[in-house]
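Novice: There's a structure below that I have some questions on.
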Amino acid sequence: MLPHLVLNSISWMLLSCLLFVFQVQGEDFQKEVPSPRTSCPMGYKAYRSHCYALVMTPKSWFQADLVCQKRPSGHLVSILSGGEASFVSSLVNGRVDNYQDIWIGLHDPTMGQQPNGGGWEWSNSDVLNYLNWDGDPSSTVNRGHCGSLTASSGFLKWGDYYCDGTLPFVCKFKQ
């Protein structure tokens, strides 16, 4: 039998070797994993894991969403954070001088039947957690049931607009 002291030394040496091997293999694995970068087609801009494009040809809200759906997982843009709102605003500002609104993927399929504007949703089914209304969407002033970005807010805030109106729009899709 090996003395207790020798057995402890061998155990520590074996453990140290195993830890070294796992650490080296882990470093090699990390080097092989490419950093996530979104490469978008010409005319589109990347933000996080999506591609975005401002389409200047005015369409109704429904026609605009159909145009966006021609791309993989494409829809009118859903804006899920303040950072994304700023990105979309920078994409639009200075390029739509003749329009007071542009389409985004918000719509109210209940046509205002839900109290307090509770029927609004994104066309791509993203969860509507981030809210950035330029006023009250349930007011009786406009009563549109499709969402837009408003020029008066620097294209940062949302308004409601008549779905049959024709406006430029922003598409968002995964590449």
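Using N, Cα and C of the backbone, Cβ positions are placed for all residues, glycine too.
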Novice: Mind checking which of Cys68, Cys146 has the disulfide with Cys163 in Swiss-Prot?
Specialist: Cys146
Novice: For the annotation region 'Sufficient to activate EXTL3' in Swiss-Prot, which listed range does it cover: 71-86, 103-118?
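Specialist: When 71-86, 103-118 are checked in Swiss-Prot, region 'Sufficient to activate EXTL3' belongs to 103-118.
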Novice: So which recorded positions are near Cys163 (disulfide bond), with CA atoms within 10 Å, out of His50, Cys51, His107, Glu121, His145?
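Specialist: So far as Cα distances go, the recorded positions lying within 10 Å of Cys163 (disulfide bond) are His107, His145.
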Novice: Just checking the recorded positions Cys68, His107, His145, Cys146, Cys171: which sit within 10 A of Cys51 (disulfide bond), CA to CA?
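Specialist: Qualifying among Cys68, His107, His145, Cys146, Cys171: Cys171.
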Novice: Count the Cβ atoms, other than its own, that fall within 10 Å of the Cβ of His107 (Zn(2+) binding site), considering every protein chain shown.
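Specialist: Neighbour count, Cβ to Cβ under the 10 Å cut-off: 23.
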